Amino acid sequence: MEGGKEAMEQADIVVFGGGSFATALAYVLSKNHHTVTLLTRNEAVAQSINEQHRNPKYLSAFTLPPNVRASTRAEDVVPQARYIVHAVPVQASREYLQRLAPLIAPDTPIISSSKGLHTESLRYMSDIVPEALGRNQPMAFISGPSFAKELMQDVPTAVVVASVDSVTRERVQRLFASPSFRVYTTDDVVGVEIGGALKNVFAIAAGMSEGLGLGTNTLAALVTRGCSEMTRLAVKMGARPDTVSGLSGIGDLMLTCFGSLSRNRTVGKRLGSGESLESILATMEEVAEGVATTPAACKLAEQYGLDLPIIKAVAAILRGDLQAREAVLHLMTLPLSDEKTW
């Protein structure tokens, strides 16, 4: 189908998940007059979205348009979906998709917005989706600097969609694109996924810097060196450097390290202020993917023979082996070296 006609076509879209980002993506899609259904396990949430047009748990201050609905019955909505948007946390994605696999048509594109690495398997979503479904599936991955609240406010936002298939990525691009939501494309799936995963690790570190009361000098150095570590690991894993320097890499890194709406940055800030990880996680309503991604990133760095001190330090702090202030001293007193190393 020609691009102009595809842009005007309305589609039935099911969004897996009922959290803030799932809700925001449903809103973005609704602006293009698609019929969007949020698949949630919470009957009260579904009822509120359908009757009051609000998600009572997340982004409850915002009204959703009538073409955004919700359901708890996967069998009623998934088989008819023309597109599926997967907005479930990475750690829960395999089991979630395995359960729904019989309902998903083999030719239905799955668009993943989940960012992270699986703690145990070290896999990312482009591995998890086909493994969970037991087959190859049309896939795309959407990532970039995009806080859910600002999407609901129609703040101008730019993201990137990655797929190995040019037809899929161009269709997904047109599916989402609007005057307030600009979508670029790439075939570098690894680069987009790894950038989206690793930025959460450095967001935790950035939050710790603030929690410790350190200055802008410290934060700027931390984020810059974090970008270097992210690039080194991503390229070793097969990503292109230009992808890491784009929206899904540095763009998302800047958002999560400097933006107050970042859950991962909030975790780091509270750790830096002296709270325990256990108490922090117990009071968070949504998942901070960086907590589970950090140990996986540390293992991957070891596998690829890379010494990535910030990632290692964050992992040690999350394990309880190192205090945040001790980590700063450790990083600042590493052997002096050329900037191309550490």
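Any Cβ shown, glycine's included, is placed from N, Cα and C.
Note that TrEMBL annotation is computational and uncurated.
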Further binder of substrate named by TrEMBL next to R263, N264, taken from the candidates K31, K57, K115: K115
Averaged pLDDT score, the domain 'Glycerol-3-phosphate dehydrogenase NAD-dependent N-terminal' (13-165): 96
Structural state of K115 (substrate binding site), classified by DSSP into three states: coil
Densest Cβ neighbourhood among K115, K199, R263 (recorded positions), 10 Å radius: K199
Nearest of the recorded positions (K199, R263, N264) to A148 (NAD(+) binding site), judged by Cα-Cα distance: R263
Other same-chain residues whose Cβ falls within 8 Å of the Cβ centroid of K115, R263, N264, the recorded substrate site, in sequence order: G116, N200, A203, T256, S262, V287, A288, E289, G290
Farthest-apart CA atoms of K115, R263, N264, residues recorded for substrate, distance in Å: 13
